[in-house]
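Student: Questions regarding the structure given below will be posed in turn.
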Amino acid sequence: MSVDQTLYSRARAAMADPTCAGPATFTAAGAFSQPDLMAFSLPEEEPIWGFDTIAPSMASWQGKMEQQTFCNPNMERGLKNTHVRNGQPTPPPFDDKKLQTPMGEMYPVAQYAFNSSPPEYAPPKHRSSLSEQSQTDGYGVSTRRRKASAVDQSEQQQDREKREKFLERNRLAASKCRQKKKEHTKLLETRFREVSSKKGELESEIEHLRSEVLNLKNEMLRHAQCGDEAIKIHLAQMVRLITSKDTPNRDLVSPMRSPEQMTASTPHGLSFGFDGPMQLPSEMGSPLDQRRDSEQSIMTESSYTFSTDDSFEELINV
């Protein structure tokens, strides 16, 4: 049995062992036994191993070992690091750092069966992709929030501008309304002053006209007994108006009676708005009696005084 066949068979048995919980580890006792070492043909011409006791003629075997491909790189690395001392192969130097094997080297056969390059770990990439995705999601959310906040700020700015315009229009309308109200108030005040002044003028004119009418009536009454027909007719109209107010239920003129009978039946002592009775001229009297009566009426002072204000108002309206 050759060395390469023995090592390959032992490595395959260690890997196929179902009781082995972890990967096959390299041991000197398991890899090389005494009968296997005795099968080596070591010529003494070539000192490969650096010992005088062993004649290394392992050139051909070393070439075979270099050409041999091992499925387990750990075993190959262990064989390269082994030393043969006193005819016994020794394990490589103990290293604490190499005891902690990474998770990627637990099952090397399954990993290197499909790809001869060193394994690339997917979980860190997945974590980095998740972090990148979370970063991109956070960036998208932040951008959306910024956009929403910008939209809200623009809407608030538009609402504020609309409110300012509305308030400005209200202020302008209120100022115009106040100005119109002031102008209307001034116009009313001016009109009130004008109407008040006109009213005062009219009242003074009424007083003047009243005094003038009173003077004219006094003058007419002073000439009542002169025998003028116009004065007599005017006095007769005044008598009819006054008697109509004194006796409202009586007819002024009866259709069956003539004006002469009415004047004859009229008593001579009516008030006519005067305090003292006034003697009316009689149609049947003599001219001497008429003259005497007229002189008597002129000489009486009480005939020119009026009784009430109502009769005076009626005299004005004649």
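Every residue gets a Cβ built from N, Cα and C, even glycine.
Taken from Swiss-Prot, the feature region 'Disordered' applies to 79-100, 114-164, 247-304. Residues or ranges marked as region 'Basic motif' by Swiss-Prot: 160-199. The domain 'bZIP' annotation in Swiss-Prot covers 160-223. According to Swiss-Prot, the feature region 'Leucine-zipper' maps to 202-216.
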Student: Would you list the DSSP helix, strand and coil counts for the residues of the region 'Leucine-zipper' (202-216)?
Tutor: 15 helix, 0 strand, 0 coil
Student: Average the pLDDT scores across the domain 'bZIP' (160-223) and report the rounded value.
Tutor: 93
